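Taking it in order: structure first as structure tokens, then the write-up.
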Amino acid sequence: MPPYTIVYFPVRGRCEAMRILLADQGQSWKEEVITGETWGKGSLKSTCLYGQLPKFEDGDLTLYQSNAILRHLGRSLGLYGKDQREAALVDMVNDGVEDLRCKYVTLIYTKYEEGKDDYVKALPGHLKPFETLLSKNQGGKAFIVGDQISFADYNLLDLLLIHQVLAPGCLDNFPLLSAYVARLSARPKIKAFLSSPDHVNRPINGNGKQ
């Protein structure tokens, strides 16, 4: 039986980064898919610590909060930088990813039609910090921090991929980010996952947007 279980809705949402991570690291996991109807009944929600999903199980350890799950996997699988300095930078990057993801989620679920144009116009300003970080690390030809992949790379990759769906061409003026996405997406296990039916057929969000 796989050591990990992801309990989540039938969307990519806040779990696709951890799925990409697990796939790239050669880990197996079980999916427990929760439909909106099941969630609406309230019995599962009442058992969730914060009343929300995802819920993640690693043996007898149960975790909530997607970024806590990513950090746990980072520590468990050696994806948290090579020292405390790099770990601090990985945390910083991941917090930046979360900031932009929250903006994206707000757009998708509260003001998509009326807010998309303004969001896309502001997007370059939100992407620039990641381009800057890449430029300061081996000329942008490695990972976002150091010379080994971290959980923040997987989270950033997922964030950039969904923004390419939202705004095709959004990375055209960010050559390092564009090359970064291509480079990570070409890693054999990530490439296989991104082309798998599980990923391709899973909607990004739960309301039909993207």
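Cβ atoms are placed via backbone N, Cα and C, with glycine included.
For reference, Swiss-Prot has these:
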- 2-81: domain 'GST N-terminal' (DOMAIN)
- Tyr4: phosphotyrosine (MOD_RES)
- Tyr8, Arg14, Trp39, Lys45, Gln52, Leu53, Gln65, Ser66: glutathione binding site (BINDING)
- Thr62: phosphothreonine (MOD_RES)
- 83-204: domain 'GST C-terminal' (DOMAIN)
- Lys103: N6-succinyllysine (MOD_RES)
- Lys116: N6-succinyllysine (MOD_RES)
- Lys128: N6-acetyllysine (MOD_RES)
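A map of Swiss-Prot features onto the structure.
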residue: Tyr4; record: phosphotyrosine; contacts (Cβ under 8 Å, 6+ apart): Leu22, Gln27, Ser28, Trp29, Lys30, Phe56, Glu57, Asp58
residue: Tyr8; record: glutathione binding site; contacts (Cβ under 8 Å, 6+ apart): Arg14, Cys15, Glu31, Glu32, Val33, Ile34, Leu53, Pro54, Lys55
residue: Trp39; record: glutathione binding site; contacts (Cβ under 8 Å, 6+ apart): Phe9, Lys45, Leu53
residue: Thr62; record: phosphothreonine; contacts (Cβ under 8 Å, 6+ apart): Lys55, Phe56
residue: Ser66; record: glutathione binding site; contacts (Cβ under 8 Å, 6+ apart): Arg14, Cys15, Ala17, Met18, Pro54
residue: Lys103; record: N6-succinyllysine; contacts (Cβ under 8 Å, 6+ apart): Tyr119, His126
residue: Lys116; record: N6-succinyllysine; contacts (Cβ under 8 Å, 6+ apart): Leu107, Leu166
residue: Lys128; record: N6-acetyllysine; contacts (Cβ under 8 Å, 6+ apart): Phe174
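Annotation: Gln65 carries the greatest number of neighbouring Cβ atoms among the binding-site residues Gln52, Gln65 [cut-off 10 Å, Cβ to Cβ]. Mapped onto DSSP helix, strand and coil, the domain 'GST C-terminal' (83-204) counts 92 helix, 0 strand, 30 coil.
Per DSSP, the secondary structure of the domain 'GST N-terminal' (2-81) breaks down as 28 helix, 18 strand, 34 coil.
Cβ-based crowding with a 10 Å cutoff singles out Arg14 as the top-ranked of the binding-site residues Arg14, Lys45.
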